[in-house]
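One structure is given here, and the rest of the page talks about it.
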Amino acid sequence: MSKGLPETRTDAAMSELVPEPRPKPAVPMKPMSINSNLLGYIGIDTIIEQMRKKTMKTGFDFNIMVVGQSGLGKSTLVNTLFKSQVSRKASSWNREEKIPKTVEIKAIGHVIEEGGVKMKLTVIDTPGFGDQINNENCWEPIEKYINEQYEKFLKEEVNIARKKRIPDTRVHCCLYFISPTGHSLRPLDLEFMKHLSKVVNIIPVIAKADTMTLEEKSEFKQRVRKELEVNGIEFYPQKEFDEDLEDKTENDKIRQESMPFAVVGSDKEYQVNGKRVLGRKTPWGIIEVENLNHCEFALLRDFVIRTHLQDLKEVTHNIHYETYRAKRLNDNGGLPPGEGLLGTVLPPVPATPCPTAE
């Protein structure tokens, strides 16, 4: 508009159409690292001691499931793992006892205390799995049980008058026992792990590894890893859950070298070079359970108990349970389980059907 000339309506309208300049978005400030030594002691590091004291006072839950054909030493291995009779003895099994016609779920609870810390351990056994002539869909009762524990936890979680500490019966770890054939995995092995790895942390183990030579064991481990990779089966610890480079480096070594753990279990002690050791007596000598030159039991124990126990619990809660919870609430219109949109009762999420395996 020319200087000195009155502003017209057109000029005014055009000026209204011109957008005002947008303010620049605020740049988020990077967190500053402050050396507390300059300010005096604060006490942040005491949180670790606070957590330790609370854990010692309340204890913690750990629920482990064992799955595999009968005769693979599942009960013996779990007893060896926790150095307690936490599962029924293999020696107490009656040879005349009938094999269950269907898969059964048996949970046994124990309290183990070590160094002032109490662990409320539950061992879930699955007698009858894989022992039938027709093993079609024999994993469904196991998946149903796992989902039922998620359902129990969810109902307590959304309860208005919920308990201060919700009882945790969710399965944190599933040890899947592979028969030491030295050849390849059975279709049932592949179908079980492919299906159940989506709902629980599966750790594959080769049972009774002392029946194979070192060369046979190494080749079988490589073959199992290859078959799992080809079939798109991810076992714990899954790559996608690695939180940082340190986790990735540590877990890659486990995934590429240790898995599946070739183990031997025994609750019997023998004298070897003046020391009492857990082992199995064979015509060729004593197989020492905790000797890494003999088997990988010590690696499995360290992995499950000493380095990854807390992570097993966290992945169960943050990944598997949250997946179930989101699906359950989504199917229920966002309402608590048990109530539909019009007050109708909804059934629990059923086991997902999967391909036939014999």
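Every residue, even glycine, has its Cβ placed from backbone N, Cα and C.
Straight from Swiss-Prot, the features:
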- 1-30: region 'Disordered' (REGION)
- 1-10: compositional bias 'Basic and acidic residues' (COMPBIAS)
- 58-331: domain 'Septin-type G' (DOMAIN)
- 68-75: region 'G1 motif' (REGION)
- 68-75, T102, 208-216, G265, R280: GTP binding site (BINDING)
- S91: phosphoserine (MOD_RES)
- 125-128: region 'G3 motif' (REGION)
- 207-210: region 'G4 motif' (REGION)
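With a threshold of 8 Å between CB atoms, the same-chain residues lying at least 6 positions outside the region 'G4 motif' (207-210) that come near it are 68, 72-74, 77, 177-180, 217, 262-264, 280, 282, 287, 294-296. Sparsest Cβ environment among the binding-site residues G68, G71, G265 (other Cβ atoms counted within 10 Å): G71. Cβ atoms under 8 Å from those of the region 'G3 motif' (125-128) belong to residues 65-67, 70, 74-75, 87-88, 99-108, 138, 141-142 of the same chain, restricted to positions at least 6 beyond its ends. Of all Cβ atoms in the protein chains displayed, 11 besides its own lie within 10 Å of the Cβ of L214 (GTP binding site). T211 (GTP binding site) counts 15 other C-beta atoms within 10 Å of its own C-beta, drawing on all protein chains shown. Least packed by the Cβ count within 10 Å, out of the binding-site residues K74, K208, is K208. Taken residue by residue, the region 'G3 motif' (125-128) breaks down under DSSP into 0 helix, 1 strand, 3 coil. On the 0 to 100 pLDDT scale, the model's mean across the region 'G1 motif' (68-75) is 92.
In the three-state DSSP assignment, the secondary structure recorded for T211 (GTP binding site) is helix.
The DSSP secondary structure for G265 (GTP binding site) is coil.
Here the region 'G1 motif' (68-75) is broken down by DSSP into helix, strand and coil counts: 2 helix, 0 strand, 6 coil.
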